[in-house]
Amino acid sequence: MEARSWAPRGHLCPPGSMLLAFASLLGCLLTSSQARVYSRCELAKVLQDFGMEGYRGYTLADWVCLAYFTSGFNTAAVDHEADGSTNNGIFQINSRKWCKNLNTEVPNVCQMYCSDLLNPNLKDTVICAMKITQQPQGLASWEAWRRHCQGKDLTDWVDGCDL
């Protein structure tokens, strides 16, 4: 019987993709250790402390509803889109326009890394969300808000919260 020799038939992954995969994994591990899932009342209180009540005409209930339907109140939520962009943090802010991921050619309107949007203290997230809300669409920039929150009675989202 003839012995077979094993030799790689070429690269299984394009050059640099292993480094990209490792960096992504490392980023996930670092941010997941800081993950926080807020309760609706905890989130409402934090957003109130940041001055979000009434910002651009939106209530705390609007923001809490948005956070629930985008991330389930999870600060470390990251969703990968087919175009390679990511939705990041409790409000699922997209890297296509608002924050900097690995692609350096994006506008980065919020002037921050997308990983900054995963921080449980929410400071960077609130700053970026305020910039998004300054756009003509306001909270309607988020499909989840249009679909689940817009035009609805949202009082239950903050009902019983000590604000």
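Glycine residues also receive a Cβ, built from the backbone N, Cα and C atoms like all the rest.
Look at Swiss-Prot and you will find CYS41-CYS161 (among others) tagged as disulfide bond, backed by sequence analysis. According to DSSP, CYS41 (disulfide bond) sits within a helical segment.
The Cβ of CYS149 (disulfide bond) lies under 8 Å from the Cβ of ASP62, CYS65, LEU66, PHE69, LEU139, each of these being in the same chain and 6 or more residues away along the sequence. Look at CYS149 (disulfide bond): DSSP puts it in coil. Sequence annotations record features per position, and here Swiss-Prot assigns disulfide bond to CYS65-CYS149 (among others) based on sequence analysis.
Contacts of CYS99 (disulfide bond) defined by a Cβ separation under 8 A and a same-chain sequence distance of 6+ are given as ASN88, ILE93, VAL106, ASN108, CYS110, MET112, TYR113, CYS114, ASP116, LEU117, CYS128, in order along the sequence. CYS99 (disulfide bond) falls within neither a helix nor a strand when secondary structure is assigned with DSSP, and so counts as coil. Per Swiss-Prot, the feature disulfide bond maps to CYS99-CYS114 (among others); the stated evidence is sequence analysis.
Look at CYS110 (disulfide bond): DSSP puts it in coil. Marked as disulfide bond by Swiss-Prot: CYS110-CYS128 (among others).
The domain 'C-type lysozyme' annotation in Swiss-Prot covers 36-163.
Annotation comment: Swiss-Prot describes 1-35 as signal peptide, evidence class sequence analysis.
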Fill in the blank from the handout: Densest Cβ environment (other Cβ within 10 Å) across the disulfide-bonded residues CYS41, CYS110, CYS114, CYS128, CYS161 belongs to CYS114
Fill in the blank from the handout: Looking only at the domain 'C-type lysozyme' (36-163), mean pLDDT returns 97
